[in-house]
Structures are given as structure tokens and as C-alpha cells.
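Trainee: This is the structure, below, for whatever I ask next.
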Ligand code: HDE
């Protein structure tokens, strides 16, 4: 807890009432009646039948029977945290929304991170896009920025969303596989939808195997509008940039994390907040007007396109800090309801047909999931930013689970009967109310049509591929190879590779070669593919921060390990802003060189090196020789090496390194000869030594 008072990262939410509320020490029914016996049902006699009249049992069991609500149709597995957003640079020239004009003001937020495809009980680390949804409780009402950690999407029109999701979810007849795109139906669908290819490049890249939520970027994906006081519009794309920089895992590592700790990413977020190491992101905006939009070599209303930062720079305007964990997962994280339609005055939507479809879908799904049109009254969803008085006020009434008790005789507008002094109840306000941008509409026949300007499916996929570092390119090839090799239908594999030929011939040839299949004929492209300039900002390698902040070093010890060496590594790691986690064969720890017992934070079999960012192997000669006989110790070192991590080691640990096949390189160091600076990095050049790079 790093000296922080217990509970400061939780418990400030205020909204606790029933159940374990402070000061209530009696156990009661839901109707406030004190319970005398919570152990036994009411029976006719000691060994006799149970009586139907036992209202205490029936209430308890009925409530339990109904505890579950439908999980989200997508993004079912998630975790959330409270925090605040603080504006650092005013956008008053572009918008009237106070959250974007009042520099220094802090606005409460709730953020939910999620995977997309898996069910609620799946693991945290499949290859998958991550959701990054933020609810800002602003003075002007709630604003939901419901984004992902990838800036594009698979499809262009919301009409195709149910098809896309059906294809990636478990297959219809067999109900598996879970939480993965690596199966026939997904690749069948996407191979028939060339518009998905750009997103597939991102999905097969290291972006979808992030190390932590704290090391992910976030994107609003669509273009939105900001509206100024004169009603003028500027397009905006939103970006979240993590303070800790971008960091991902390698595939073998992420697969093993899923086994070692299925809750790895939520635990990481929880523990970081708990120790006061608050996750932080900068909010960036790309601003552009219609004229600039018209000059882009692609249509910004097409959600399969990015606007490279090199074309329109990202302006940093604020920061978000997550500093409080929910009091209750269900009440807050499960019941939070995000809707892209939740905008505040000074903002508006664009005509992106994917966004337009989302405006309906999220509101609709909350009704199904939360069971009532009154879901906005739940504490986690309530608008609470307005100064003074009721945060919302209208004549919508009744419905399931109405939690307010509106006063007065009139529930319609206009009226003249409302309570004295209230002037007939709440009234609209043309000055400060939400007004849509007065966009001039083109004339044309009503039609179901895809704009011609959406027809270029490959140029940005090529841009992405060519922007990648060679190590990232080979990871992309491996990911396509892995996923397509899980497909049983050759025509599905072939059609995907045929599409990839439009992205880059080398990419397609490498995938075909590493699958040992024929290179198919190139698929026809609807438009000639453009050679757009690469965007180095899209890389992870090179954009990863060299820091130990937010990172953890695993220290492997055994009986006889040098106490001074352990202390020195701990101190150096802590001074660099990192954390240490001591691993020993047994949880009780090991007897060190100075005769003291050092307790372990984790037992070796349950604390593999995949859980750490770098490892220090501090062993005596005898200790090393003994651990050579333990597969988990050998694997610990072998994986750290294979996952391109720094390994610092004491001289006597050499036999264990030899057994693990560690070869010397700049990431394999003595404990006080460069380990700390090595621990801040990953060694991508090592990759060729540890696996065949396709
Ligand atoms: Fe979502 N999406 N989505 N989505 N989405 C949902 O809403 C949908 C899309 C995103 O933590 C659902 O409340 C449609 C893009 C996040 O609670 C559902 C389309 C982006 C979350 C839904 C999209 C997202 C969701 C399921 C295409 C990035 C989790 C439960 C037209 C910009 C929010 C729910 C949370 C959740 C529909 C595409 C992000 C069914 C129809 C693009 C982060 O309503």
C-alpha cells in the first residue's frame, strides 16, 4: 500500500445504502425486518419438512435466483475504475462544452476496459481488441466516449455488425471456440468483406495483446463534431495516450499469462490503484474542418480509416487519472451503461454510418441488459455533474424500478399546474440546450447505398504494414499463420491470403510460406491501391517508453542466495520507480547467505516469469545446481529469454541459465552491470535466436 491509508482508493463513492452500510450491524430482510436466524429454514419440527410460510428464506432465495443479468452481447468481460479528467488546454475556439473549455477543472469519470469476443468468464489476455469506454460526468450532462484500443473497425456500416459478431463468437452448432477469432466462421466472414482487411492488420498486430490496460492507447474511432457558440462545426477524432507508453506482450507470453493468471489485466489495474500508482492517460484531439477533410486521400467518415498523426497532428488537451476502484463490481462496473449517443451541448455526431447505427444499438441493449428504461437512475449512470439540484429533470415517468418520487400533479409540458415557484416545471432552453449542427443536406434519392469514397479497402492496410518495425511485421505474419491454421476450410485460408496480396505481396507470400500452402491468385480490388506514406506513430517498438515505472521485476531466489545482492537489486528497482516480486520454490521463502529467511511473494510454480517485465536470478552455486532439476525454474528463465526480457543474474546462477538455453546478448547482464537500464526494455533483436521468424 506504499504508506497510503487503507481504503483511500475505494470507499469514496458515497452511494452505499443497504446491506453492509456503515452503522447497520443488524442483518435484516429487504424490508428492514431484523433476522433472528440466518442458518436454518423454518421447519415443522427439528427433522421435519420445510414450511412455505418461511418468507425470510423465500426472499433470500428469490433474490439469489435472479442475481445474474444478461452479459453484454460483446465486451462482456471487463473491469472499471473511477477517476477524474482535467483539461490542460482550452478548446473554447471550437466548442461550448465546458469539459473542453474550463482549464484546470476536474470532471469525475468512470472507465471500463474490456475484451470484445469472450464471455464474462473468459480470460483477460486473448488476442482481442480492448474496449476503452469513458463516462464523463460533466456539468453539462454525461458524455460517453465509447472507444477501443484500435483506431479502426472491421466494417463500415452498422448493418453488418450482427453478422460480424456472430462470426467471431463461438460457432453456431458447437458453441466453441471461446474468446478467439481463430476459427472458420470469423475468417470466412472477413475474407468475404475486404473492408475488414485494415482492421485485421491491427487485430493481428501486437496491439491486441497489450501488456496492461495501463499501456494501451485508446481511440474514439469515428469523427465527431465540436460546435462553437456561433454554431460552427469542427471535426474531431479523440485519442488516449498512456503515460507509461505503449507496451505489448509477445504471443507465447500472452498465452501463458492466460494460464498463470486469467485475471492478469484486471489485477494489474486494481493493484496499481491500490498502491497509489494511478494509471494516467493524456487526451489528444485531431481537429480538422470540412475543407481539410475534403483534401484527405480517403473518407474520414469511413471507420475503417485513420487519419495519420503525420497528416493532422494530435493536440494534447487534458489528462485522465484513475484513482479509485469501485466499491462493488456489479453495482458499478456491470451496471454501467455506455452509449455513444450521450453527447453534451457543444458536440455532435458525424455521418459515419457505423456511428449512426451505434446511436441506436447501445440504448437498446441497455434496456435488455438492465431491464428497465430507468437504467439512467442507477448510481453509476446518474448524471451528477450539474451544480445544485436534480441532475436531470423532465416529464418521463414511471416504468420498472422507478427510483425517484416526482412531486406534483402535472407530468406533461406545457402545464400551468406544477408546484408554485417552479414556473410550470422544467422547460427547454434554446440558449444552452443541445442543438444539432445545421448541416446542409445534399439532395438525392433515398437508397441503401455505400458511398463510392468508401471503396478503397487496402491502401491504409498497406500503410499500416509498411509503418511497422520488422519485429512487428513478423509478429503479424505469425498471427495470420496461427489463426488461419486453425481454419479447416482451405478456401477460407486462400481467400484471406488472396486479399492480403493487395496489402503487400511480401506479407501474403510470407503467410503462405509459413503455412506451407500455395499462394492464391490476387483478389480483385474495388479501387487501385495507393502507396500512402508510412506513419511511424503506429509502431509499438520504438514508442515503448524506457522506464521501470509501472513495471515489475521478478527476483528468483533459493537457499544460499546472496542477501546483499537481493537488497541492492530491490533498492535499484525501487529507485527507478519499479517494483520487485520475490519468487522462491516454496512460499515460505529461502534462507539467505546471511542466515535470514527471505519470504517469497509467490511460489515458483504459481509465479512464472510471464508475470514480470524483467527477471533477476540471484542464486548461490548450490542453489543454481539444485534449481536446474526443477522444470519450473528452468522454464522461468527460458521464458524470460524467449519473451525478449532482460535477465540480470548473479555469477553462480550460470548453470541455470545454461540449462535454459540463454545466450549472451545485451539484455542478459550482471546484476550491477546494466541490469536496471536493460530491465526497461525488450530485446527484439533476440527474436531470431529464439524462434523462426516467418
Ligand atoms: Fe460497440 N457495442 N458496437 N463498438 N462497444 C457494445 O453495448 C455496437 C463499436 C464498444 O464497457 C454493446 O453496452 C455496434 C466500435 C465498447 O460497457 C452493443 C457497433 C467501437 C463497448 C454494441 C459497434 C465500439 C461496446 C454491448 C457497430 C469503438 C463496451 C454492450 C455499428 C469505437 C462498453 C453494450 C462497456 C459495447 C454495439 C462497434 C466500442 C451491443 C452496433 C466501432 C468499448 O450495444
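Note: Cβ is positioned from N, Cα and C throughout, glycine not excepted.
So TrEMBL lists these for the protein:
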type	residues	note
REGION	1-29	region 'Disordered'
COMPBIAS	10-22	compositional bias 'Gly residues'
DOMAIN	28-421	domain 'Catalase core'
BINDING	72, 112, 161, 358, 362, 369	heme binding site
ACT_SITE	75	active site
ACT_SITE	148	active site
REGION	420-445	region 'Disordered'
Trainee: Could you tally the C-beta atoms, other than its own, that fall within 10 angstroms of the C-beta of residue 148 (active site)?
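Mentor: Its Cβ shell of radius 10 Å holds 24 other Cβ atoms.
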Trainee: Give me the count of other Cβ atoms within 10 A of the Cβ belonging to residue 72 (heme binding site).
Mentor: 22
Trainee: Per DSSP, to which secondary structure element type does residue 362 (heme binding site) belong, with helix, strand and coil as the options?
Mentor: helix
Trainee: Other than its own, how many Cβ atoms are within 10 Å of the Cβ belonging to residue 75 (active site)?
Mentor: 23
Trainee: List nothing but the one residue from 112, 358, 369 whose Cβ has the fewest other Cβ atoms within 10 Å; the candidates are the binding-site residues.
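Mentor: Comparing Cβ neighbour counts within 10 Å for the binding-site residues 112, 358, 369 gives 369.
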Trainee: Grab the heme binding residues from the record (72, 112, 161, 358, 362, 369) and give me their largest CA-CA distance in Å.
Mentor: 21
Trainee: Using the alpha carbons only, what distance in Å do you get between residue 72 (heme binding site) and residue 148 (active site) once rounded?
Mentor: 16
Trainee: Between residue 161 (heme binding site) and residue 75 (active site), find the distance joining the two CA atoms and give it rounded to the nearest Å.
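Mentor: Pair distance, Cα basis, whole Å: 14 Å.
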Trainee: How big is the Cα-to-Cα gap, in Å, between residue 362 (heme binding site) and residue 148 (active site)?
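Mentor: Residue 362 (heme binding site) to residue 148 (active site), Cα-Cα distance: 15 Å.
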Trainee: With every protein chain in view, how many other Cβ atoms are within 10 Å of the Cβ of residue 161 (heme binding site)?
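Mentor: Excluding its own Cβ, the number within 10 Å is 18.
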Trainee: Could you state the whole-number distance in Å separating the C-alpha atoms of residue 148 (active site) and residue 112 (heme binding site)?
Mentor: 11
Trainee: So, by DSSP, how many helix, strand and coil residues make up the region 'Disordered' (420-445)?
Mentor: 0 helix, 0 strand, 26 coil
Trainee: Measuring Cα to Cα, how far is residue 358 (heme binding site) from residue 75 (active site) in Å?
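Mentor: With distance taken Cα to Cα, residue 75 (active site) is 14 Å from residue 358 (heme binding site).
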Trainee: Cα distance, residue 75 (active site) to residue 112 (heme binding site), nearest Å?
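Mentor: So the alpha carbons of residue 112 (heme binding site) and residue 75 (active site) sit roughly 10 Å from each other.
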Trainee: Quick check for the class: what is the C-alpha distance, in angstrom and rounded, between residue 369 (heme binding site) and residue 75 (active site)?
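Mentor: Just about 13 Å between their Cα atoms.
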Trainee: Let me know the DSSP-derived helix, strand or coil state of residue 148 (active site), please.
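Mentor: Reduced to three states, the DSSP call for residue 148 (active site) is strand.
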Trainee: So, in DSSP terms, is residue 369 (heme binding site) helix, strand, or coil?
Mentor: helix
